[in-house]
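The following features are taken from TrEMBL:
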type	residues	note
BINDING	55, 60	substrate binding site
BINDING	140, 141, 142, 143, 144, 145, 146, 147, 148	ATP binding site
Ligand SMILES: Nc1nc2c(c(=O)[nH]1)N(C=O)[C@@H](CNc1ccc(C(=O)N[C@@H](CCC(=O)O)C(=O)O)cc1)CN2
Ligand SMILES: Nc1ncnc2c1ncn2[C@@H]1O[C@H](COP(=O)(O)OP(=O)(O)OP(=O)(O)O)[C@@H](O)[C@H]1O
């Protein structure tokens, strides 16, 4: 486990991103399958009809096996798409099996912007969130763009009981003893790793 004390947010981010980038392709493949096993049969996933995921970047744990399974079960699946303007916003857009993607300005694959396929985040059932670091009380450290935090700002400081369910996805090596929380940070219901669940 990474100890956060004494590290600034940028230093902590650097250290955690390095740790996940060091995982070999074999370790990444195994982690993706272990994550799949943690989640595929879980009621949270079985009950959700509109599910947002992401495509892996920078050593993030790979949720594509879950994406394919969700599509196989006939669920509507969504990816984050960063806006050209304003540059601080992102939307969630439905993704069809085998849809053509192209890299956004961060180099992350995205579908072409199509408003008719977009859905407001509060109408989704489940958002599986990428993260750089997490702690055992629902704390999340992201890439630093504030994209997820801004999208979820409507939740205010309420903890649970509102749509969508927020689950972080991570490698075990992204666990931090305790993350400093900013006022805008949104708490996760749980983080799921290749090794298990950390429920808040
Ligand atoms: N897979 C995935 N998709 C996602 C996110 C994510 O964290 N993971 N995001 C969650 O917010 C949004 C993108 N957020 C990002 C925020 C900052 C950087 C970033 O700083 N990247 C490089 C610089 C890249 C460049 O500008 O060329 C860096 O780290 O130096 C990347 C993505 C939307 N899509
Ligand atoms: N609700 C919000 N309203 C306005 N600005 C916000 C909000 N949430 C975050 N921000 C801005 O975004 C910046 C990045 O925030 P932070 O470092 O918490 O992002 P992150 O959680 O790491 O990234 P992400 O959510 O994209 O994965 C902050 O400096 C903050 O100014």
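Any Cβ shown, glycine's included, is placed from N, Cα and C.
It should be emphasised that the depicted structure is a prediction, and the values quoted were computed from it without experimental measurement.
For the ATP site, the Cβ centre of 140, 141, 142, 143, 144, 145, 146, 147, 148 serves as reference, and the other residues of the chain with Cβ at most 8 Å from it are 131, 132, 149.
Straight-line distance linking the Cα atoms of residue 55 (substrate binding site) and residue 146 (ATP binding site), rounded to a whole number, equals 18 Å. For residue 60 (substrate binding site), the nearest neighbour among the listed binding-site residues (140, 142, 144, 146, 148), judged by C-alpha distance, is 142.
When Cβ neighbours within 10 Å are tallied across all protein chains shown, the highest count among the binding-site residues 142, 144, 146 belongs to 142.
Listed in sequence order, the binding-site residues among 140, 142, 146 whose CB lies under 6 angstroms from an atom of ligand 1 come out as 142.
There are 22 other Cβ atoms within 10 Å of the Cβ belonging to residue 60 (substrate binding site).
Long-range C-beta contacts of residue 140 (ATP binding site), restricted to its own chain and to partners at least six residues apart, with a cutoff below 8 Å, comprise 129, 131, 133, 134, 148, 168, 179, 185, 186, 187, 188, 191.
Under the DSSP three-state reduction, residue 60 (substrate binding site) is assigned to coil, being neither helix nor strand. Cβ crowding, taken as the number of other Cβ atoms within 10 Å, peaks at 148 among the binding-site residues 55, 148.
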